[in-house]
Amino acid sequence: MTTVREDEQPAPYGTGAATTKPARRVRVHHLREMKERGEAWPMLTAYDMYTAKIFDQAGIPVLLVGDSAANNVYGYESSLPVSTEEMLPLVRAVTRSASRALVVADLPFGSYQASPEQALTTAVRMMKEGRAHAVKLEGGSRFAPQVEALTSAGIPVMGHIGFTPQSEHGLGGYRVQGRGASADALVADALALEAAGAFAVVLEMVPAEVAKRVTAELAIPTVGIGAGPDCDAQVLVWQDMAGLNQGRSPRFVKRYADVAGVLSQAASEFAADVRGGSFPAEEHSFH
Ligand SMILES: Nc1nc(=O)c2c([nH]1)NC[C@@H]1CN(c3ccc(C(=O)N[C@@H](CCC(=O)O)C(=O)O)cc3)CN21
Ligand SMILES: CC(C)C(=O)C(=O)O
Ligand SMILES: [Mg+2]
C-alpha cells in the first residue's frame, strides 16, 4: 500500500501543478507574518469534506467550522441552538479533508461562557475529537480568562467581537457595534484579547473607521466581516459567498457564484430525464 504523506502532497497555492515542494500546514505565526508584510488573507467557513478540499486547494489559508452551521447546515433559525456534539463531526470532516489550511472550530453558545474550566473542556474536545488546530469564541475583555486558560493549555484562540451572533438577544438584534462612544470599548476589548494570548480577532459589523483603528493598534491580525477594507483578513460564510443561500443577505456579503441556481437546474434536468425515460441511458447501464 502506498501512503501519501501530508508533506508530500502538491502545494495548493500557485499553479496547481504537482510539485516536490512540501505543502506545509498553515500555522498561526504565518498569519502574523502576513500582517507584518501587509498581505491580506481570506478565510471561509467550511462544514464538510468537499468544501474543505475545494477551499483548501483554492488557497484559502484558514477554514472556520463556524457555529453558523446552526443555520447553514442544521436549519436552525439562529446560531444559538447548535451543540458541541453537533459541531464535532463537522470539525472532524473538515480537518480530515484540508491538508494545508489551518482549521478553526467555533465554540458554540453555552459551551465556554460559564468558566475558563468549561471553555477548556470544550476546546480540548474540539482539538482531540475534532482535530481542530485552533478554536474561536465570542466576547471581549470579560472572556480574557477563558482565552488565557486555552492559550496556557497550548490551544490557539481566535477572538470575535463587534456583533457577536450568540449575544443577539443581549445586543438587541443584528446591529452594527462600536459606533460613536462605544468605539473605545471595542478597541479595549481587542487589546484585552491580544494580551490574553489570542492569535487573531474577528471584527463583525463594525464601522470601517473603527476596524481600521483596531487593526492599527493590534499586532495580531484582524479578520473582518462587515468591518471595511482595512482589516488584515476577510471572512464570509461560504454559502453566502457562493450563492447557495438564496435568502436576503446581510450588506457585508458579496456573491461570487450562483450555486443555488446551478444545483436547482441540475436537479430539474435529472427529474425531467427520469420522468421522460432518458436517464439512465445505455452508457449508464450494466449487462
Ligand atoms: N449565512 C450566514 N451568514 C452569516 O454571515 C452568518 C450566519 N449565517 N449565521 C451566524 C451569523 C449571523 N450573522 C448575521 C446575520 C444577519 C445579519 C443581518 O441581517 N445584517 C443586516 C442588518 C444590519 C443592521 O441592521 O445594521 C445587514 O443588512 O447587514 C448580520 C449578521 C453573521 N453570521
Ligand atoms: C461569520 C463567522 C465569523 C462565524 O463566526 C461563523 O461562521 O460562525
Ligand atoms: Mg460563529
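Quick reminder: no glycine exception, Cβ is built from N, Cα and C everywhere.
Annotated in TrEMBL:
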- E204: active site, proton acceptor (ACT_SITE)
- D67, D106, E138: Mg(2+) binding site (BINDING)
- D67, S68, D106, K136: 3-methyl-2-oxobutanoate binding site (BINDING)
- 1-21: region 'Disordered' (REGION)
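Overlay of TrEMBL feature records on the structure.
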residue	record	contacts (Cβ under 8 Å, 6+ apart)
D67	Mg(2+) binding site	S79, V82, M87, D106, L107, P108, F109, P165, Q166
S68	3-methyl-2-oxobutanoate binding site	T45, S79, D106, P165, V237
K136	3-methyl-2-oxobutanoate binding site	L64, V104, A105, D106, L107, V157, M158, G159, H160, V202
E138	Mg(2+) binding site	H160, I161, T164, P165, Q166, S167
E204	active site, proton acceptor	H160, I161, G162, F163, T164, P165, Q177, G224, I225, G226, A227
Neighbouring C-beta atoms (10 Å sphere around the C-beta of D106 (Mg(2+) binding site)): 29
Binding-site residues close to ligand 1 - of D67, S68, D106, only those whose C-beta is under 6 Å away: S68
Cβ under 6 Å from ligand 3: qualifying recorded positions of D67, K136, E204: D67
DSSP three-state assignment (helix, strand or coil) for E204 (active site, proton acceptor): strand
DSSP-derived structure type at S68 (3-methyl-2-oxobutanoate binding site), helix or strand or else coil: coil
Conformational class of E138 (Mg(2+) binding site) under the three-state DSSP mapping: coil
